[in-house]
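As recorded in Swiss-Prot:
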- 100: active site, schiff-base intermediate with DXP (ACT_SITE)
- 161, 187, 188, 209, 210: 1-deoxy-D-xylulose 5-phosphate binding site (BINDING)
């Protein structure tokens, strides 16, 4: 598996697990969970996580941006204007061009507003950003995002923070079949087996936050997700057997007593 890298915007990563930095009890807990997960990319909610006020604890004090790739995101934005302003600010603060876009449409279920998302992706791409896009699991919309310049497609498994796991495997398979962009499951995972399933569907990676941060034992869950992603990826590359409604004996038919 040494040469099996996750490639995003021409940069190679050993881990296919991306971890969010929100919802932990402390930055110290967050940093330890990320270390155990093996993740090399972390999402950072620009509007919620302190990355600029030196009078308060900085995320950089706990997670070294020279070792871990920061992926600024627009969590909490409900229209294109908010999202664009947030990511422009992120570029001002840290020079970040690789970003994660999410434009929410509803405060209750946190589904993405795809009209605003599509519009934002097009604008950000023109401005030189490399945009990884949180979206619904609609294959047509995923293709449109690719056409306007997205560098990665990040469909939800289920509503953010729900822990329901992948609800529509068929659509994920269709999206996989029609794009060569990195496909990363984002939102709604609840346990390590969900990550393994995502990888077995052919996804290039998964993003987990609530599933780890709010687990009864976050550190143990971080390690579980690490192993789940690895197992799922290895299973996908190995190639599963064909399904059959009939049995198939595993013992040889010749040389029977």
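Placement of Cβ uses the backbone N, Cα and C atoms for every residue, glycine included.
In sequence order, 43, 71, 72, 73, 74, 131, 132, 133, 134, 154 make up the list of same-chain residues 6 or more apart from residue 100 (active site, schiff-base intermediate with DXP) whose Cβ falls under 8 Å from its Cβ.
In the structure shown, across all protein chains, 209 is the one of the binding-site residues 209, 210 with the greatest number of other Cβ atoms within 10 Å. Of all Cβ atoms in the shown protein chains, 18 besides its own fall within 10 Å of the Cβ of residue 161 (1-deoxy-D-xylulose 5-phosphate binding site). Binding of 1-deoxy-D-xylulose 5-phosphate is attributed in the record to 161, 187, 188, 209, 210, and the widest Cα separation among these residues amounts to 9 Å.
The record gives 161, 187, 188, 209, 210 for 1-deoxy-D-xylulose 5-phosphate. Within 8 Å of the mean position of their Cβ atoms, the other Cβ atoms in that chain belong to 20, 159, 160, 162, 163, 189, 208, 211. The most densely surrounded of the binding-site residues 187, 188 is 187 (count of other Cβ atoms within 10 A of its Cβ).
In the three-state DSSP assignment, the secondary structure recorded for residue 100 (active site, schiff-base intermediate with DXP) is strand.
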